[in-house]
Amino acid sequence: MAKIAVFFGGSSTEHSISILTGCFICKTLHTMGHSVKPILLTKDGGWVVPSEYRMSIPFEVSNSPDLFQEEFQKRYGVSRTNQIFSLDADIAFLGLHGGQGEDGTIQGFLEILGIPYTGSGVLASAIAMDKTRANQIFLQSGQKVAPFFEIDKLEYLNSTDAVITKLETLGFPQFLKPVEGGSSVSVYKITNREQLKEKLALIFESDSKVMSQSFLTGIEVSCGVLERYRDGKFKKIALPATEIVPGGEFFDFESKYKQGGSHEITPARISEQEMKRVQELAIAAHRSLGCSGYSRTDFIIVNGEPHILETNTLPGMTETSLIPQQAKAAGISMEEVFSDLIEIGLKRSLY
């Protein structure tokens, strides 16, 4: 059995979801017999690094980030960041979402430390996090995406009217979102010029780049991809896609994570041909971005043709997240999924 450091929390807007992911990962790895060291990255950029491998996680308050951090620090003590430099771990299991956890930053840090980790590497993580760059790669590889524009904050401030006029060519409604972000945080459905101005100004308060994308009507689905090492070869498999029926206008943060916010159906209620096509494209997206270990790609099917919305390199891993749902539908246990992720991470570090 391995000594595994589980990283979760972080300073992104997805901190609370990452805590739930981290708790699920720790609990599962512990039942598998691994030695687990939970490492909490706090919302203000601090680290709580236990001095030893032991499980004393306050699962009972995992739905309350502030209480969780307080109780976690009581149990493990307040640590100094430099403790991470002497981390004794066979591998790091990443349960971070968004921000520096998903944009290649933590991956690069772990590579400097010489610690193998689960999931995609630095470059794939950075590209997938940048929605514009990812869309450009998808287009170059022959995949379909909705028409889009990227707007830089400086460009907007210098030529506001020209920028608004350009974005209006996408038509209404359209989706406005930070170029780097996840879990549909700060994503807005825009229906008119005034709202466009208002939400651009709002996003630019905390982000430097915005992407606006045409609104497509169709069936929303999401498809996970797992990598496995079998018979001396690396293999990629696509899981059964999940159909997303949002409780609101679209699959935003509330729909994703609030109870009753959306209805998720696995496998999706689509034709066998559409399912096969979605799975093929999910693997193609995974390969195009250079992902490793696992990923999850979101699509909207328009008149039978899937269009990529985005690829997530560290998809949610709570007990009710899409990857666990899809693995269950495929007859794959989460213990098996985690074993594969660990094996892929360890083998990748050898090359």
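Every residue gets a Cβ built from N, Cα and C, even glycine.
Feature annotation from Swiss-Prot assigns ATP binding site to 167-222. According to Swiss-Prot, the Mg(2+) 1 binding site annotation covers ASP298, GLU310, on the basis of sequence analysis. According to Swiss-Prot, the feature Mg(2+) 2 binding site maps to GLU310, ASN312. Taken from Swiss-Prot, the feature domain 'ATP-grasp' applies to 135-343.
Shown here: features listed in Swiss-Prot, placed on the structure.
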residue : record                : contacts (Cβ under 8 Å, 6+ apart)
LEU167  : ATP binding site      : PHE149, ILE151, GLN174, LEU196, SER212
TYR188  : ATP binding site      : PHE175, LEU176, LYS177, GLN195, LYS199, ILE203
LEU202  : ATP binding site      : SER186
LYS209  : ATP binding site      : THR132, GLU150, ILE151, ASP152, LYS153, PRO178, VAL179, GLU180
LEU216  : ATP binding site      : ALA146, ILE300, VAL302, HIS307
GLU310  : Mg(2+) 1 binding site : ALA128, LYS131, ALA134, THR297, ASP298
Packing count at ASN312 (Mg(2+) 2 binding site) (other Cβ atoms within 10 Å of its Cβ): 24
Fewest other C-beta atoms within 10 angstroms, as judged across GLN174, GLN195, which are the binding-site residues: GLN195
